[in-house]
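K.L.:
Dropping the structure in here first, questions after.
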């Protein structure tokens, strides 16, 4: 077995960009969100393409009905009807071969794994969810299933950066009070938020030491979807799964 082959790694984590799909403007082209007004057939084609690329059946990639909550849902199987898991912003599983997907266009996608315990999670950490503890709650749920913070690896995807995510000062201070380290100053000199910075501090305080982050800013990087930059637009995905044992 080639230990350097990514197909042999104990956990797989991927992020998509806006390239490589069939959706038309303003969703061009690899939009994976079925709730943004895109042609459903185009979204289905893109989702099938993603599943094919990562080597899984489309019905083994589980999406969420994301509502900017702090609700965490443990699943043992994909919904029988192929629909998204209702009203949740984090999925946790111990099932091999079941991929968990999070959709974003500025919010922070967080992929978590403890391969020793065989527990993974995908988290949609938007401003409100992050403020209200969605990541901490997900880690706690993983611990209930045998994970340990010291063994958890966290990967945060591209998201709105503090340099560009401008918000009213009262909003920033409200988030800072619940998620210390998130208040920022934009390149314009105005008050902003850096949710990834706040989540980094929070995860470190919880004992998670292995943390990586895609540094790209969705607002400024045109290879990525951004609601802040574009308004009506698509969604990219973060996906995590435990491969089935050979």
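For all residues, glycine too, the Cβ spot is worked out from N, Cα and C.
These came from Swiss-Prot, pasted as-is:
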type	residues	note
BINDING	68, 107, 124	Zn(2+) binding site
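Situate these features within the shown structure.
P.N.:
Listed in sequence order, the residues of the same chain lying 6 or more apart from residue 124 (Zn(2+) binding site) and placing their CB within less than 8 Å of its CB are 64, 66, 68, 89, 90, 102, 103, 104, 107, 109, 134. DSSP classifies residue 124 (Zn(2+) binding site) as strand under the three-state reduction.
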K.L.:
Using a 10 Å radius around its CB, how many other CB atoms surround residue 107 (Zn(2+) binding site)?
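P.N.:
If we count other Cβ atoms within 10 Å of residue 107 (Zn(2+) binding site), we arrive at 26.
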K.L.:
Excluding 68, 107, 124, which residues of the same chain place their Cβ within 8 Å of the centroid of the Cβ atoms of the recorded Zn(2+) site?
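P.N.:
Surrounding the site, in chain order, are 66, 89, 104, 108, 125, 126, 127, 128, 129, 134.
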K.L.:
Inside 10 Å of the Cβ of residue 68 (Zn(2+) binding site), count up the other Cβ atoms and send me the figure.
P.N.:
17
K.L.:
Through the lens of DSSP with three states only, how would you label residue 107 (Zn(2+) binding site)?
P.N.:
coil
